[in-house]
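Asker: According to TrEMBL, the active site, proton donor annotation covers Lys129. Annotation comment: TrEMBL describes Lys93, Gln114, Lys117, Gly168, Ser380 as substrate binding site. Per TrEMBL, the feature NAD(+) binding site maps to Thr212, Asn243. Under the heading site 'Important for catalysis', TrEMBL lists Asp169.
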Amino acid sequence: MALKNEYLSNLLETVKKRNAAEPEFIQAVTEVLESLEPVVEKRPDLVEAGVFERLVEPERQLMFRVPWVDDQGKVQVNRGFRVQFSSAIGPYKGGIRLHPSVYLGIIKFLGFEQVLKNSLTTLPMGGGKGGSDFDPKGKSDGEIMRFCQSFMTELYRHIGADTDVPAGDIGTGAREVGYMYGQYKRLANEFTGILTGKGLTYGGSLVRTEATGYGLCYFTDVMLKANGKSFEGQTVVVSGSGNVSIYAVEKAVEMGAKVVAMSDSNGYIHDPNGIDLACVKQLKEVERRRIKDYVDTHPGATYKEGSTGIWTIPCDIALPCATQNEIDKASAEILVKNGCYCVSEGANMPSTPEAIEVYLANGVLYGPAKAANAGGVATSGLEMSQNSARLSWTFEEVDQKLKNIMHNIFKNCDETAKAYGMEGNYMAGANIAGFLKVAEAMKAQGCV
Ligand SMILES: NC(=O)C1=CN([C@@H]2O[C@H](COP(=O)(O)OP(=O)(O)OC[C@H]3O[C@@H](n4cnc5c(N)ncnc54)[C@H](O)[C@@H]3O)[C@@H](O)[C@H]2O)C=CC1
Ligand SMILES: O=C(O)CCC(=O)C(=O)O
């Protein structure tokens with residue numbers, strides 16, 4: 001879809017020129033600017049205030065060397081990043097990704113998405129993201145710890161409970177957050193909530209582990225119900241087998257669905273009897289093994305190499321929870337052909353723009369990432385509140401707050417889409433609603 005508005009079209013050209021080597025960032029910005037066309041027409045004051053130009057340029061981008069020593073005593077050097085994208089509505093907030101594919105463009109796209117996502121949660125959090133091209137796969141605990149300590153040795157001077165609060169993302173789970181927190185504490189000599197996703201013994205919040213996956217299902221459930229459907233009795237495919245996927249499967253099953261497939265970056269398993277989640281948890285959370293090992297103990301299941309083949313498995317509902325651009329046009333067409341009527345995104349930007357066009361053209365209920373997966377960061381916001389108050393809420397309290405937040409996000413996306421004449425287009429609703437709060441704050445704070 002080409003931009004019709006000349007002002008936005010020129011802005012997008014500038015973004016493309018300035019960030020020519022960052023296709024993922026350009027992709028994320030293009031989608032948002034396309035959604036904002038009707039806003040530009042209604043809100044000349046925001047154009048006047050230069051909000052759109054400022055929105056697409058990070059406030060600060062940090063890149064740094066991360067040296068560490070491997071188990072053979074050899075010095076290794078990775079590259080670290082933290083993009084502090086927007087502090088318009090609160091301290092920078094967003095996860096840290098450890099994956100060999102990480103470069104500045106990935107961190108910028110994630111930081112940009114995070115700005116609007118955090119706004120949708122209604123909590124006071126700006127947007128940021130960080131990471132490194134370090135590959136945790138196959139590394140010993142000692143190597144992981146030395147890397148995390150080195151990463152934090154530079155990062156610690158740029159973050160703070162009221163400045164920037166990182167968290168987990170791909171490759172960064174409880175273990176990594178623990179090592180990073182320990183190093184921060186040692187360097188700064190203070191015990192403050194500078195990371196979320198912490199362990200429960202040192203300031204973490206109940207439900208944060210489950211939050212993104214559970215939140216995805218809370219959002220999807222209310223979207224389905226608003227359209228006369230539900231998870232009950234439906235066949236579901238969930239990609240990935242990490243933090244988001246595991247707890248999405250858990251909640252979808254609790255809501256009456258049958259989840260028949262999961263994957264990792266090597267391939268996917270299909271278990272027509274329904275995935276045995278206890279086995280996946282043991283393989284992935286405890287033993288850190290590959291998903292293919294599932295079939296050793298489940299003779300009714302099959303394993304195939306290549307992760308995108310998972311979208312050829314017939315399902316009613318697809319929950320992509322692995323990584324960006326994991327559903328392309330061809331996969332989207334196969335999903336639709338096989339009767340899939342709902343795609344709701346646990347991962348960040350898992351659908352290519354062409355895949356999204358296929359969903360919208362075929363009336364697929366589409367839950368866009370920045371709304372559907374906002375439960376993780378929302379619960380991080382709740383962890384920050386508990387840390388500030390030096391309190392710990394019960395599982396039920398946090399879970400109820402998470403549910404309310406996800407229901408409100410859906411309502412906001414739905415009502416905003418209607419107000420702008422795009423009923424049922426929750427992507428446009430999410431982009432516009434997320435933007436408006438940030439834009440009002442930017443305008444009120446002047447040219448900064
Ligand atoms: N952890 C969180 O709270 C949140 C995570 N997300 C997003 O959810 C997605 C997954 O993150 P996590 O579960 O936290 O990470 P994780 O590191 O726990 O799990 C990632 C999973 O994706 C799989 N994977 C990676 N590349 C793949 C590929 N090309 N094809 C198939 N599988 C692949 C990995 O094998 C692993 O199972 C990411 O897009 C992340 O940005 C979004 C919101 C919050
Ligand atoms: O909990 C957080 O701060 C970040 C979660 C995250 O990285 C995301 O929403 O993509």
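Every residue, even glycine, has its Cβ placed from backbone N, Cα and C.
In TrEMBL, annotation is done automatically, which means it is predicted and not curated.
Give me the lay of the land around each of these features.
Answerer: Within the same chain, residues at least 6 positions away in sequence whose Cβ sits under 8 Å from that of Lys129 (active site, proton donor) are Arg82, Val83, Phe85, Gly94, Gly95, Ile96, Arg97, Ile107, Lys108, Leu110, Gly111, Gln114, Asp169.
Under the DSSP three-state reduction, Gly168 (substrate binding site) is assigned to strand. Using a 10 Å radius centred on the Cβ of Gly168 (substrate binding site) and all shown protein chains, the other Cβ atoms total 27.
With a cut-off of 8 Å between CB atoms and residues at least 6 apart in sequence, the same chain places Gly168, Gly173, Thr209, Thr212, Gly213 near Asn243 (NAD(+) binding site), listed in sequence order.
A 10 Å cutoff on Cβ-Cβ distances gives Asp169 (site 'Important for catalysis') a total of 28 other Cβ atoms nearby, all chains included.
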Asker: Let me make sure I understand the structure: which of the binding-site residues listed (Lys93, Lys117) has the fewest other Cβ atoms within 10 A of its Cβ?
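Answerer: Sparsest of the binding-site residues Lys93, Lys117 by Cβ contacts within 10 Å: Lys117.
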Asker: Least buried of the binding-site residues Gln114, Thr212, Ser380, going by other Cβ atoms within 10 Å?
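Answerer: So among Gln114, Thr212, Ser380, the binding-site residues given, the one with the fewest Cβ atoms within 10 Å is Gln114.
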Asker: Anything from the recorded positions Lys93, Gln114, Lys117, Lys129, Ser380 with its Cβ under 6 A from ligand 1? List those in sequence order.
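Answerer: Correct list: empty, so none.
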